[in-house]
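Read through the structure below, which is laid out as structure tokens, and then see the notes.
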Amino acid sequence: MPALMALRKRAQGEKPLAGAKIVGCTHITAQTAVLMETLGALGAQCRWAACNIYSTLNEVAAALAESGFPVFAWKGESEDDFWWCIDRCVNVEGWQPNMILDDGGDLTHWIYKKYPNMFKKIKGIVEESVTGVHRLYQLSKAGKLCVPAMNVNDSVTKQKFDNLYCCRESILDGLKRTTDMMFGGKQVVVCGYGEVGKGCCAALKAMGSIVYVTEIDPICALQACMDGFRLVKLNEVIRQVDIVITCTGNKNVVTREHLDRMKNSCIVCNMGHSNTEIDVASLRTPELTWERVRSQVDHVIWPDGKRIVLLAEGRLLNLSCSTVPTFVLSITATTQALALIELYNAPEGRYKQDVYLLPKKMDEYVASLHLPTFDAHLTELTDEQAKYLGLNKNGPFKPNYYRYCSTTSLFILP
């Protein structure tokens, strides 16, 4: 994780997070441990819970606890355990958080619901998922957001690298580890063509799969068509596809009606943050039989013998069933750390009770920290060129409205 190491080295003497008390709710993996250690090295105190009941690596949680980080999480929590862990994380005598790092919005929701007075001392929220950001914008629109919030999910370095490149690799890893399947010739429908959907589609098409896309947004839909994918409604292909993948951030994308119409042995999984995309609750009925065949893999069997293969009970596939590339998580974790530093040290009045994007200059800084890994050398503008373009030689180099390319046609193997 080169950028986190560089950030730790550059900022350690300054201790920019001295006095920060950060409560976090993210996936607890080895990469998260490096982030927590970095935050500690920069002066912060941290307490942590997991944002997903299946993604915690127990050995990592144990190592963090042994190192002095209060961690409340284990792999395979129940729903009650999940909320108990979050409560233990924030409800402690003699310690009150002044910063929140969230992934999905559950921690923020819990504090709003149970301990609203805590927001009197909280300086800001950093949120990294589509689901959590949506919740923050809802609070802001309703006038209920009590503190400034940083939308890390839509920062360039998170969206274009974690959401796109990470999912392009981890979708194949998660499916292989759980099902040992062959991708060539398989018919796959990917629900949603945002950055996550683009990454999934590119990987599956490169492996020889026949890929369909569902989408509500005409711009994303047109991108899918231009990238060579067939745009359909889910009910048009549900009887014939071999794999259904959701990545929309929405709810009830795959309903019981869709599940009833799927072919025998259809694989169903989710690459979005929340477990609401597939209506798993509708499958827990007396007429259906659940059979656990291996960790995170269930066969749900209908009375006529038809079965579907449900992965991670509809929760996030890659972090529940496999791993994600450390290098990409270095980009995301560094973005989170910089967002925490920015909000914590911002003078009063710079940020109001609203949702903000990470300043473009910071996005560029995160990217620059990762370039030495590739022995990459940036071209520098001359004074004349900078004046011609109206730019500072040191950036930012693009306006906030600039849209970085994310077409998957760049990634598809011949």
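Using the three backbone atoms N, Cα and C, a Cβ is placed for every residue, glycine included.
Here is what TrEMBL records for this protein:
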- T29, D103, E128, K158, D162: substrate binding site (BINDING)
- G194, E195, V196, G197, K198, G199, E215, N318: NAD(+) binding site (BINDING)
- 163-324: domain 'S-adenosyl-L-homocysteine hydrolase NAD binding' (DOMAIN)
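Features per TrEMBL, on structure.
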residue : record                 : Cβ contacts under 8 Å, 6 or more apart
T29     : substrate binding site : S55, T56, L57, V60, L319, T323, V324, L329
D103    : substrate binding site : C25, T26, H27, C51, E127, E128, S129, G132, H273
K158    : substrate binding site : E128, V152, I331, T332, T335
D162    : substrate binding site : V328, L329, I331, T332
G194    : NAD(+) binding site    : V130, N163, C220, C247, T248, G249
V196    : NAD(+) binding site    : N163, L164, C167, C247, M271, G272
E215    : NAD(+) binding site    : G192, Y193, G197, A221, A224, L231
N318    : NAD(+) binding site    : C166, C167, S170, I171, D173, G174, M271, V324
Query raised in the report: Can you count the other CB atoms that lie within 10 A of the CB of G197 (NAD(+) binding site)?
Result: 30
Report summary line: Within 10 A of the CB of E128 (substrate binding site), the number of other CB atoms across every chain shown is 26
Query - NAD(+) binding residues G194, E195, V196, G197, K198, G199, E215, N318: largest Cα-Cα distance, in Å and rounded to whole number - result: 22
Requested in this report: Give, as a single whole number between 0 and 100, the mean pLDDT over the domain 'S-adenosyl-L-homocysteine hydrolase NAD binding' (163-324).
Outcome: 94
Report task. State, in Å as a whole number, the widest CA to CA span among the substrate-binding residues T29, D103, E128, K158, D162 given in the record. Result -> 18
